[in-house]
Amino acid sequence: MRQWVDKLRKERTLRPEEFRQLLTECDGELLRYINEQAQEVSLRHFGNRIFIRGLIEVSNCCRNNCYYCGIRKGNPNLERYRLTAKSILDCCKQGYELGFRTFVLQGGEDPVLTDERIESIVSAIHRNYPDCAITLSLGEKPCEAYERFFQAGANRYLLRHETYDKSHYRQLHPEGMSCGHRLQCLQDLKEIGYQTGTGIMVGSPGQTVEHLIQDILFIEQFRPEMIGIGPFLPHRNTPFAQSPCGTVEQTILLLSIFRLMHPSALIPATTALATLTPDGRERGILAGANVVMPNLSPQEERKKYNLYNNKASLGAESAEGLRILQQQLENIGYQISFDRGDYKQ
Ligand code: 5AD
């Protein structure tokens with residue numbers, strides 16, 4: 001089986017049957033091997049530097065009702081919030097002082113956060129911090145809206161496709177949402193000129209190895225600049241409350257597969273992975289990840305942005321905890337990079 005790992009590193013792709021074997025028959029020893037190979041590729045491309053992005057969770061109001069997500073419209077047991085423009089700018093100010101040069105505005109598809117409001121917030125951040133990258137993660141919007149945000153100064157957009165398989169997409173999302181529309185949005189973002197990120201949850205309910213192979217092949221042909229991979233974690237107020245978590249092993253296996261296929265991609269060690277296991281961030285980095293996204297949101301709102309239960313938001317997950325993060329990275333031989341860290345081929 002090592003031969004598939006070596007081939008993946010060399011040729012950056014495998015045949016579907018080879019991916020299948022890697023995904024179904026990977027034991028502990030092979031996992032260590034692929035993680036090492038992926039880490040080496042990451043070190044070659046980026047050195048021992050990990051990019052940091054300041055995550056600002058701008059709203060937990062959402063018009064959608066995705067079955068896996070804790071901030072779904074149908075969850076009545078959630079205190080909803082929306083940051084004001086001033087509060088978002090305060091987060092940026094704090095983040096800038098801490099050394100962040102990328103701000104990620106993430107939120108539900110909140111109808112009150114109109115395109116005009118988002119545009120004006122992006123403009124203000126761009127005006128105040130012209131040396132910073134602005135990443136948006138605000139879901140599906142009309143192409144014109146994406147264009148306006150881009151004109152206002154946004155550089156990057158994160159929109160996970162969640163699953164490439166149409167019927168699996170149906171299992172995860174209610175009527176009215178479609179895989180086709182999600183993919184159209186991704187195409188629009190790319191054509192406008194955004195550095196575009198996509199990705200999946202590992203171990204989402206109903207996910208099969210065949211689905212994962214389709215996701216790998218879709219990402220291979222789409223060539224995103226950023227790839228977000230985290231474990232599925234159940235939330236108690238969703239229809240998937242009883243579903244099991246994705247595993248650490250499967251998550252870091254996929255991280256490594258993506259690193260070997262996309263040597264220069266920006267791949268975060270996600271909060272979900274750090275929530276699943278205390279050493280998740282380190283294990284993600286040692287499997288090829290090269291980005292972490294500490295939380296810059298106001299303290300009181302962090303626990304309300306609950307996509308899944310027990311979200312890690314303290315210590316190294318928080319922007320104030322940069323020193324803790326720095327220490328954790330040092331322990332595994334890495335350092336924080338304060339660069340913007342734009343995608344470079
Ligand atoms: N577990 C893990 N990840 C989740 N997301 C949403 N809900 C969950 C969950 N229960 C992920 C989705 C989304 C991103 C912002 O968070 O993949 O795209």
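FYI, residue positions are counted from 1 along the chain as it appears here.
Cβ coordinates are placed from backbone N, Cα and C, and glycine is handled just like the others.
No curator has checked TrEMBL annotations; they are predicted automatically.
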Q | Further S-adenosyl-L-methionine ligand in TrEMBL, beside E162, L233, within candidate set R148, R182, R223 | A | R182
Q.
I'm trying to understand the geometry here, so how far is the Cα atom of E162 (S-adenosyl-L-methionine binding site) from the Cα atom of C62 ([4Fe-4S] cluster binding site), in Å to the nearest whole number?
A. 17
Q) With respect to ligand 1, which members of the binding-site residues C66, C69, R182 satisfy a Cβ distance under 6 angstroms to one of its atoms? A) C69
Q) Whole-number Å distance between the CA of C69 ([4Fe-4S] cluster binding site) and the CA of L233 (S-adenosyl-L-methionine binding site)? A) 9
Q. In which DSSP state, out of helix, strand and coil, do we find S137 ((3R)-3-methyl-D-ornithine binding site)?
A. strand
Q | Environment of C62, C66, C69, the listed [4Fe-4S] cluster site - residues of the same chain whose CB lies within 8 A of the CB centroid | A | N64, N65, Y68, G70, I71, R72, K73, G108, L307
Q: Write out the long-range same-chain contacts of C66 ([4Fe-4S] cluster binding site), meaning residues 6 or more apart in sequence whose Cβ is under 8 Å from its Cβ.
A: R72, L172, H173, P174, M177
